[in-house]
Amino acid sequence: MLTATKDLVLAQSDNSWPTHFRASLYLGVPFIGAQLAQLAINTTDVLMVGQLGATQLAAIILATQVFFTIFIFGSGFANAVVPMVAQAQGRGDQVSVRRSVRMGMWVVLLYGVLTAPVLWMAEPILLFAGQKPEVAALAGEYLHIAQWAIFPSLIFMVLRAFLSGLERAGVILYVTLVTLVLNAALCYVLIFGHFGFPELGIFGAAVAALGVALLGAALTIGYIRRQPELHRFELFVRFWRPDWPAFGEVVHLGIPISVTILAEVSLFTVASLLMGTIGTIELAAHGIALQFASIAFMIPLGLAQAGTVRIGLAYGSGDMVGVKRAAIAVLTLGVGFAAVGSTIFALFPHELAGLYLDTRRPDAAEVLAFAGPLIVIAGAFQLVDGLQAIAAGMLRGLKDTTIPMILAMIAYWPIGFFCAWAFAFPLGFGGVGVWFGFVLGLASAALLLNWRFFRLLRRVSAAPAAS
């Protein structure tokens, strides 16, 4: 067993700074590319359905938000598999790798079954929430098909966690790029009825989403089965055999990850509602700034995933020096990339905002005037957002998820939301105040999570995992 991972352990024992920076980039770049490709898939759906009319556009935005909320919570269980695999691989325990991945698939399949009624009943739920009947009906129609994509999508996430833990991130990028191309083609053909296919409208977008999810899972399974060096893990042999301790660990680690992700996503949702109460122009400007911040966030998110893997591998092999250097490497890269992005945001805010606006429209100048300052603030926002995301990823590498969840929720809501509300309304800063609150909340999360990581590192260094 140890022989099978000899090369990996030797690579982990090379603690030179160039090795750590190279390894972080080697893992991080494919993760970043895959995140950007996934963002492009979601954008493609909205852009194409938007050509059908305002009602269809509103319906797919609602439907994808419902699906995304269910999916993002479930992805926490898949993310829990990453440190489990990385630590087991670091100590040369391929049996634990297999059990972690299998039970990860069990958990997400069970989660899919439990959440299926919510997706199936989306139309009455949306009607109860006050949505227009025609919009709720279309959203429900979309989700009746797209809901089945939750199963292959989450299976893909678990298998992605397996490959990530083995530092095989490149294939994840390739699979995501293939699904990006297929999604665009299927949407074009099925939504609008080209090449002899019927015009299915929003229903066609749902069929495309399901087809792409199935393809992503199938390609990943095919890759794993065709790689001789991965056969020793026997992921799909006796798949029905349970391992309840591993099942419990996936749930124990995954729920805090899911809650943390959901808490951050919901903060942005509520912030949009706050901006909407200030004014339509402010909400439009907020949407533009948030779009740029979301794109920039893909970089630290990819580095955070790389940090989880690198730290998990080093910790599993008992290499505390490697843990510390892996952490410093991803943090340094995160700050470096954020500094470049922040500089671009600060120098060209109006030019960036103009990419989303038809300057010939009478309200464009107003939106541009509001969006410019928000994009400048988004530069500071992406720095602290990146630092807190990377810190959360590093803590996951140590399998520490519960305390980070509590710290993050304190930073997001009692600090972030309260400051956003206070700056916007009592202090009278309006939309700019909402973003000031964002920055303070995420800066608090960055400080708390990094403090937690380095404090925990000092503690575990006295009793490493491999001892």
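Cβ from N, Cα, C; glycine included.
The transmembrane segment annotation in Swiss-Prot covers 20-42 (among others). Only residues 6 or more beyond the boundaries of the transmembrane segment (20-42), in the same chain, are considered here, and those with a CB under 8 A from a CB of the stretch are 11, 64, 164, 167, 169-170, 172-173, 176-177, 179-180, 183, 212, 294-295, 298-299, 301-303, 305-307, 309-310, 322, 325-326, 328-330, 332-333.
The feature transmembrane segment is assigned by Swiss-Prot to 57-79 (among others).
Here the transmembrane segment (107-129) has long-range neighbours at 62-63, 66-67, 70, 74, 77-78, 135-137, 139-141, 143-144, 146-147, 150-151, 154-155, 157-158, 247, 250-251, 254, meaning same-chain residues at least 6 beyond its ends whose C-beta is under 8 angstroms from one of its own. Here Swiss-Prot flags 107-129 (among others) as transmembrane segment, drawing on sequence analysis.
Here the transmembrane segment (144-163) has long-range neighbours at 63, 67, 70-71, 74-75, 77-82, 85, 97, 101, 104-105, 108-109, 111-112, 115-116, 119-120, 169, 171-172, 175, 203, 206-207, 209-210, 212-214, 216-218, 220-221, 224, 233, 235, meaning same-chain residues at least 6 beyond its ends whose C-beta is under 8 angstroms from one of its own. The transmembrane segment annotation in Swiss-Prot covers 144-163 (among others).
Summarising the annotation, Swiss-Prot assigns transmembrane segment to 170-192 (among others). Outside the transmembrane segment (170-192), and at least 6 residues removed from its termini, the chain residues within Cβ reach (under 8 Å) are 30-31, 33-34, 37-38, 40-41, 44-45, 48-49, 51-52, 156, 160, 163-164, 199-205, 207-209, 211-212, 215-216, 219-220, 223.
The list of residues near the transmembrane segment (202-224) in space but at least 6 beyond its ends in sequence, with Cβ under 8 angstroms from a Cβ of it, reads 41, 45, 48-49, 52, 56, 59-60, 63, 138, 141-146, 148-149, 152-153, 155-156, 159-160, 162-163, 171-172, 175-176, 178-179, 182-183, 186-187, 189-193, 230, 235-236. For 202-224 (among others), the entry in Swiss-Prot reads transmembrane segment, with the evidence type sequence analysis.
The feature transmembrane segment is assigned by Swiss-Prot to 250-272 (among others), with sequence analysis given as support.
The transmembrane segment feature in Swiss-Prot is assigned to 292-314 (among others); the stated evidence is sequence analysis. Tertiary neighbourhood of the transmembrane segment (292-314): same-chain residues 8, 12, 20, 23-24, 27-36, 39, 79, 82-83, 85-87, 89-90, 164-165, 167, 169, 320, 322-323, 326-327, 329-330, 333-334, 337-338, 341, 345, 352, 375, 378, 381-382, 385-387, 389-390, 392-394, 396-399, selected by CB-CB distance under 8 Å and a gap of 6+ residues from either end.
According to Swiss-Prot, the transmembrane segment annotation covers 326-348 (among others). Here the transmembrane segment (326-348) has Cβ contacts under 8 Å with residues 17, 20-21, 23-25, 28, 292, 296, 299-300, 303-304, 306-307, 310-311, 314, 375-376, 378-380, 382-383, 386-387, 390-391, 393-394, 397, 450, 453-454, 457 of the same chain, all six or more residues outside its ends.
Tertiary neighbourhood of the transmembrane segment (368-390): same-chain residues 281-282, 284-286, 288-290, 292-293, 296-297, 299-301, 303-304, 307, 330-331, 334-335, 337-339, 341-346, 349-350, 352-354, 356-357, 359, 408, 411, 431-432, 435-436, 438-439, 442-443, 445-446, 449-450, selected by CB-CB distance under 8 Å and a gap of 6+ residues from either end. The transmembrane segment annotation in Swiss-Prot covers 368-390 (among others) and rests on sequence analysis.
Beyond the ends of the transmembrane segment (403-425), by six or more residues, the same chain brings 256-257, 259-260, 263-264, 267, 270-271, 274, 278, 388, 391-392, 395-396, 431-438, 440-442, 444-445, 448-449, 452 to within a C-beta distance below 8 angstroms of the stretch. Look at Swiss-Prot and you will find 403-425 (among others) tagged as transmembrane segment.
Annotation comment: Swiss-Prot describes 429-451 (among others) as transmembrane segment, evidence class sequence analysis. Sequence-distant contacts of the transmembrane segment (429-451) (same chain, six or more residues past either end, CB-CB distance under 8 Å): 267, 271, 274-275, 278-279, 282, 285-286, 289, 331, 370, 373-374, 377-378, 380-381, 384-385, 387-388, 391-392, 395, 404, 407-408, 410-413, 415-423.
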